[in-house]
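K.L.:
Okay, these came from TrEMBL:
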DOMAIN    52-471  domain 'Major facilitator superfamily (MFS) profile'
TRANSMEM  47-68  transmembrane segment
TRANSMEM  88-108  transmembrane segment
TRANSMEM  144-166  transmembrane segment
TRANSMEM  178-200  transmembrane segment
TRANSMEM  206-228  transmembrane segment
TRANSMEM  289-313  transmembrane segment
TRANSMEM  325-345  transmembrane segment
TRANSMEM  352-376  transmembrane segment
TRANSMEM  382-408  transmembrane segment
TRANSMEM  420-440  transmembrane segment
Amino acid sequence: MWEREGRAFSMYKRMPSRDRSDVMDVEENSAFSQDSVDVETTNPSMWLSFPHVVVGTLSSFLFGYHLGVVNEPLESISLDLGFSGNTLAEGLVVSTCLGGALIASLFSGWIADGVGRRRAFQLCALPMIIGASTSATTKTLAGMLIGRFLVGTGMGIGPSAVALYVTEVSPASVRGTYGSFIQIATCLGLMVALFIGIPVKEIAGWWRICFWVSTIPAGFLAVAMMFCAESPHWLYKQGRIAEAEAEFERLLGGSHVKYAMVELAKLDRGDDADTVKLSELFYGRHFRVVYIGSTLFALQQLSGINAVFYFSSSVFKSAGVPSDVANAFIGVANLSGSIIAMLLMDKLGRKMLLLWSFFGMAISMLVQVAAANTFVSGSASLYLSVGGMLMFVLTFALGAGPVPSLLLPEIFPGRIRAKAMAICMSVHWVIFFLFTFIFVIGCNQFLRWLALPAFARATWTATLILDVRKR
């Protein structure tokens, strides 16, 4: 009893006065709360949190859209802005946004912890609106690069914010399903960007419309977040207990608030400090879990998915398939895998999907190798190449794509969650930026080599997953 009262007094000292009574109520009725934990058998309705999750995943839609928005219009952009044939300039137009994303991702965790998850989304949308508007109106290469860089800063904040937000506002029973929305929204953003870019060769200046279109969902994200729930986890860490309970009621329903608060108190019990030093994430007791998270994101990119996306048009072209149809096939495969992952995530678990995803990618690479073998020729080789590529994209979307951003917020302690995600996402952006730039300036053979040894990477990933499992 004395221990319980001491813990209540410790929490009482650091909470605002309007919330102290709520804390004391929770502590004084801990026996009742424990009973409520034991008897809690029904799951909260998924539809209460659904609109909040959908609004949050608009940042993932914008992420995918801006990744693909310059693919089709790049030739028209280079002609209009006067750098046609300059491979370095084209590479900068594509990759500058990734450089901005890398810089912003380093600070995304501190932003999310400092101003809250909702404000982080708004800070993600604002530079996307300004950057897209700058790119749409510019008449110089410098203006285009500035616009792309601003867009990139929004792209760097968004992935960490949405991964944290979805994890913290979703009921546990459907957290994996909602986590898959992130990958689905990214796929839809890519597909919409490719679809909108189709008329670019027939209509002069259409590439400017492609940039203007992105300001619509970005503006909606900034406004709609004003009406969405704040993360109860973040509010609890700020000592705003009453507000956390109110948000849980919006997200889960009144009958589940007491249970959710007790579970949140259990998670917070070991987090005795409010600040996290950067050094804690690189050595000490948190190093191992941050290392695992960073490596999972690195493996996601090292799997060869970017090389497959970049070379898909060439492979389909050799099979006599037009580039727009090829992009549609890749988009459908990516979206199909994401939908299947959504349906299986909470049934099979994150570990199983991740293992089978990397194993499937390894098999698809073996199919690609078989297609290039001298013993296979003619139509069989083309079918194997196209089939192997579609299989690779499908299996990537089953696990390697959606799982890391969902798994890591679940395994990171609440005290370091946002900042650890920022570190892990920065690793993702370093590899993404370097590989994209290297490809565009012409190092094709390097990326072809990189796409092949997927089986070794799958084995390494399996070892890491088992390590996570032990923890």
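Just so it is clear, glycine is given a Cβ too, placed from its N, Cα and C backbone atoms.
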K.L.:
How about the transmembrane segment (206-228) and the transmembrane segment (47-68): at least 3 CB pairs under 8 Å, pairs 6 or more apart in sequence, or not?
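P.N.:
Yes, the stretches contact each other.
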K.L.:
Are there residues at least 6 beyond the ends of the transmembrane segment (325-345) whose Cβ is under 8 Å from a Cβ of it, and what are they?
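P.N.:
Contacts with the transmembrane segment (325-345): 176-177, 179-181, 183-184, 187-188, 190-191, 194, 309, 312-313, 315-317, 353, 386, 389-390, 393-399, 401-403, 406.
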K.L.:
Residues of the same chain, at least six outside the transmembrane segment (88-108), with any C-beta under 8 angstroms of its C-beta?
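P.N.:
66, 70, 74, 77-78, 120, 131, 141, 144-145, 148-157, 159-161, 418, 421-423, 425-426, 428-430, 432-433, 436-437, 440-441.
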K.L.:
At least three Cβ pairs under 8 Å linking the transmembrane segment (352-376) and the transmembrane segment (382-408), pairs spaced 6 or more in sequence?
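P.N.:
Yes, the stretches contact each other.
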K.L.:
Using a Cβ cut-off under 8 Å, which residues of the same chain at least 6 positions beyond either end of the transmembrane segment (47-68) come close to it?
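P.N.:
Same-chain contacts beyond the ends: 97, 121, 124-125, 128, 132, 151-152, 154-155, 158-159, 161-162, 165-166, 169-171, 178, 181-194, 197, 214, 217-218, 220-221, 224-225, 228-229, 250-253.
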K.L.:
When the pLDDT values for the domain 'Major facilitator superfamily (MFS) profile' (52-471) are averaged, what is the result?
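P.N.:
A mean pLDDT of 82 is what the model gives the domain 'Major facilitator superfamily (MFS) profile' (52-471).
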